[in-house]
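Database features, via TrEMBL:
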DOMAIN    24-518  domain 'K+ potassium transporter integral membrane'
DOMAIN    531-768  domain 'K+ potassium transporter C-terminal'
TRANSMEM  60-81  transmembrane segment
TRANSMEM  151-173  transmembrane segment
TRANSMEM  193-212  transmembrane segment
TRANSMEM  219-241  transmembrane segment
TRANSMEM  266-286  transmembrane segment
TRANSMEM  298-318  transmembrane segment
TRANSMEM  343-368  transmembrane segment
TRANSMEM  389-413  transmembrane segment
TRANSMEM  425-444  transmembrane segment
TRANSMEM  451-473  transmembrane segment
TRANSMEM  479-496  transmembrane segment
Amino acid sequence: MDIESWGHENPIKKESWRTVLTLAYHSLGVVYGDLSTSPLYVYKSTFAEDIHHSESNDEIFGVLSFVFWTLTLIPLLKYVFIVLRADDNGEGGTFALYSLLCRHARVSTLPNGQLADEDLYEYKNDRNLSADRIGMSLKSTLEKHRFLKKILLILALIGTCMVIGDGVLTPAISVFSAVSGLELSMAKHHHQYVEVPVACVILVFLFFLQHYGTHRIGFLFAPIVITWLLCISAIGVYNIFHWNPHVYQALSPYYMYKFLKKTQRGGWMSLGGILLCITGSEAMFADLGHFSQLSIQIAFTFVVYPSLILAYMGQAAYLSKHHVIQGDYHIGFYVSVPEKLRYPVLAIAILAAVVGSQAIITGTFSIIKQCSALGCFPRVKIVHTSSKIHGQIYIPEINWTLMLLCLAVTIGFRDTKHISNASGLAVITVMLVTTCFMSLVIVLCWHKNVLLAICFIFFFGSIEALYFSASLIKFREGAWVPIVLSLIFLFVMYSWHYGTLKKYEFDVENKIPINWLLTLSPNLGITRVRGIGLIHTELVSGIPAIFSHFVTNLPAFHQVLVFLCVKSVPVPHVRPEERFLVGRIGPKEYRVYRCIARYGYRDIHMDDVEFEKDLVCSIAEFIRSEGPAQSFEAVEGIDDNEKLTVIGTTSTHVDGVTMCEDVDTKDTEMIEISSPEMPRKRVRFLVPESPQMDLSVRAELQELMEAREAGMAFILGHCYVRAKRGSSLIKKLVVDIGYDFLRRNCRGPTYALSFPRASTLEVGMIYHV
């Protein structure tokens with residue numbers, strides 16, 4: 001099933017209930033694996049050190065009350081009923097909220113933005129509502145102050161870094177907690193020599209499977225999670241009726257008051273363990289693009305939420321009648337499982353932990369892809385493991401990095417207490433970032449009263465700040481791990497973004513005016529060679545400095561010259577009919593074009609053959625449609641001398657230009673060319689019958705075909721970025737060390753790698769920023 005086929009163009013409201021329920025079923029395996037396995041370690045982490053289980057049961061009932069209300073207020077009320085509505089055209093997650101804000105207020109730090117981008121379909125959808133006076137004032141303030149823009153970017157990066165940290169910690173704590181069931185069948189202290197190796201073997205196996213793609217075993221995910229939820233809920237119901245039918249009274253908020261009054265500082269510190277009951281809640285929003293709001297709401301409200309409540313109530317009912325537990329096992333999940341069922345439950349728990357870990361690993365891949373697309377992460381190799389489900393991706397470098405960090409955490413801590421402290425801080429930080437962004441979305445995007453946004457951030461922010469403080473105080477007991485990981489990734493991401501921004505600013509300051517190109521002629525020694533020259537540039541207007549550097553040292557360029565810019569825009573998807581912006585640089589006889597290919601942060605870049613074909617066809621369609629009978633929308637370029645035209649991909653050229661190679665086609669007007677004696681390819685443009693076609697247009701199309709037959713060359717800038725003399729120490733550290741190291745070790749542009757090395761020419765320059 002192509003889960004991503006239900007997007008903004010096919011709203012789920014128009015789908016049948018069968019489709020909705022099918023999506024809800026699949027979401028159980030993809031979204032809720034992490035959240036469903038939290039009963040394995042919540043009570044054990046809460047009672048690990050700060051509080052103890054007494055005869056009065058005030059502690060266990062207080063923890064149950066906290067768990068119930070935390071699950072009700074955060075995942076159910078905040079995420080299911082509020083945050084899920086803040087989707088970015090069907091996409092969710094931290095960067096989706098940031099992207100949404102970038103479209104409603106010009107707070108994006110992407111340097112190559114154009115007014116033409118605001119005519120995209122997603123932008124137009126956001127213009128239906130008008131903001132009130134306070135909303136307009138807030139928008140104006142954010143747009144004017146560069147410092148506030150940086151704060152928003154850093155908040156988005158912090159949330160992203162914590163998600164990556166969660167990708168390290170969640171597999172460790174989930175698998176380790178599931179394996180901890182072995183301790184009940186082994187002698188005291190012997191289990192620690194078995195649990196760690198077994199957990200490490202499972203983790204290595206888990207990360208090793210990533211390159212095969214989850215679509216191969218994904219059909220098992222939902223049944224495993226459903227089996228696990230039925231298992232824990234059935235055990236919970238059994239424990240409630242068998243041990244303490246009155247445990248439901250502990251759901252009253254009064255027991256939270258009694259708990260804090262009795263335990264005081266120890267109870268406050270134990271909130272870091274209680275917090276783990278909502279780990280994985282962010283996945284409901286982050287994975288929204290694969291499903292729909294209604295399917296995720298149904299799955300959580302009617303299946304996951306009641307199952308978790310019954311599981312926690314069952315554990316509390318059992319523990320309320322067992323104050324002295326034999327063995328040094330503290331208070332874990334498996335002690336409440338009937339002895340005859342422990343081994344089957346252990347097997348199901350390990351499978352459920354693997355599924356939950358798989359979800360956060362895949363989510364980490366997705367958010368890194370988004371960051372890379374928006375210029376906030378070095379380019380990495382992205383492998384699409386499924387031809388049908390585009391969200392299934394694999395990033396080798398990130399996968400093995402996560403595996404090594406996960407093994408280091410597991411072997412280094414050797415218990416769930418320290419790992420849970422680390423995981424809790426990562427989870428609650430992401431939630432705080434989401435709360436901050438949501439308060440801005442309420443005002444800037446939903447155009448609601450600012451008092452509603454204040455109430456939202458005050459109510460949910462207060463709850464999350466309480467949990468955040470309880471997690472942060474455990475800094476020396478494991479909470480330092482996500483902070484250190486986040487600082488490392490934040491330095492990487494900010495260095496890359498800062499270096500990219502400064503490099504673009506240097507390009508803008510040193511770009512060549514079009515008049516310089518107009519002065520070039522054969523009289524000055526410039527010759528035109530056969531073929532198409534693609535010059536990669538980040539600029540959306542003007543001529544890059546590397547071109548003048550190239551022409552100065554090698555005074556020749558191709559008969560057809562294309563300045564190609566492949567850029568990302570802050571929307572999830574760009575429609576195929578809006579993919580290209582094509583324009584002309586200089587007079588017609590120069591045969592110099594600008595082509596800007598636009599992609600959303602969730603789009604898949606075309607392969608080399610398809611991209612090359614679409615690029616040539618988009619230029620041909622621009623040539624044909626240019627003039628008085630122009631049939632495409634023209635938009636103003638940034639440069640006064642340039643006008644760009646919106647051109648779609650080949651698949652959207654209805655009654656337009658298409659290209660075929662070595663194929664005979666009849667019943668269509670075809671422009672023939674006289675090929676050279678040894679042509680590389682036979683290229684033909686098929687155009688609709690148009691007897692009024694101007695002779696100059698026909699000649700220009702013919703020259704484009706001849707150039708395509710002769711071949712294409714790719715000219716790529718190889719820039720060394722250095723900080724200027726007199727720059728601060730921090731700037732030298734970020735540019736000369738951080739960005740330079742990342743640039744030398746990251747991958748080149750995807751479309752550049754697809755060109756044969758024999759056809760690629762790199763032009764080196766040193767940029768002093």
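Residue numbering: from 1, along the chain as shown.
Using N, Cα and C of the backbone, Cβ positions are placed for all residues, glycine too.
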Range from 60-81, 219-241, 266-286, 389-413, 451-473 with the greatest count of C-beta pairs under 8 A to the transmembrane segment (298-318): 219-241
Listed stretch, out of 60-81, 151-173, 219-241, 425-444, 451-473, that has the most CB pairs under 8 angstroms to the transmembrane segment (389-413): 151-173
Segment-segment contact (the transmembrane segment (343-368); the transmembrane segment (193-212)) at 3 or more Cβ pairs under 8 Å: yes
When counting Cβ pairs under 8 Å to the transmembrane segment (151-173), the leader among 193-212, 266-286, 451-473, 479-496: 479-496
Seg_contact(the transmembrane segment (479-496), the transmembrane segment (60-81)) with at least 3 CB pairs under 8 angstroms, min sep 6: no
Ranked first among 60-81, 425-444, 451-473 for CB pairs under 8 angstroms with the transmembrane segment (266-286): 60-81
Per-region confidence, the domain 'K+ potassium transporter C-terminal' (531-768) (mean pLDDT, whole number): 73
